[in-house]
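A short write-up of the structure that comes next.
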Amino acid sequence: MLIFFKNLSMKRSTWILLFISALVLESTALYFQHGMGLNPCVMCIYERVAILGILFSGLIGCIAPKWLVLRILALLIGLGSAVKGLLLAIKHLDYQINVYPWNQCAMVPDFPQTLPLDKWFPNIFMPSGSCSDITWSFLGFSMVQWIIVIFACYFLFFIILSISQFKKVRKNRMLFR
């Protein structure tokens, strides 16, 4: 089974599909913000940046999936983004479940000074909502709970692909199969 996942990681179509899935999630977030008028909070913005990391890893893996260095780089960026996104989403759910005055998220994002995304792209990365508000739900789950499921799936995907990189692929031999 690990050989299947290693071969899967060496195909460009896998990385394109990963890129498209992250692009769809980013587009959906922008539709929720600008189309439906839902105000994103700081944690929503951070989760959006984590999805951008997964999108970026799909782009890197798509460049040359057969090159081990680029494949490992894409896996590391994707795994790091999935872990960070999952941790952020769990913390965001804590803000929604335990609504206390001392359990609040910041109102202004804390981006590095060298990468102030909220200043460069305010229509995308400027928060205007509260982290404890639940403004949307689907099938009984809030948006944050769905984000946890999505990041958990990405995390499992990247873990399996990372482990499969250590599996040696044997050459097909015609004799003595």
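Every residue gets a Cβ built from N, Cα and C, even glycine.
Not measured: the values here are computed from a predicted model.
Candidates considered were Cys62, Cys131; the recorded disulfide partner of Cys105 in Swiss-Prot is Cys131. Both Arg12 and Tyr46 are recorded by Swiss-Prot, but within differently named topological domains on opposite sides of the membrane. Of the listed residues Cys41, Cys62, Cys41 is the one Swiss-Prot pairs with Cys44, by disulfide bond. On the backbone, the CA of Cys105 (disulfide bond) and the CA of Cys44 (disulfide bond) stand 11 Å apart. Tertiary proximity for the transmembrane segment (50-65) is limited to same-chain residues at least six positions away from its ends with a CB under 8 Å from its CB atoms, namely 9-12, 14-23, 25-26, 29, 71, 73-75, 77-78, 80-82, 84-85, 88, 151, 154.
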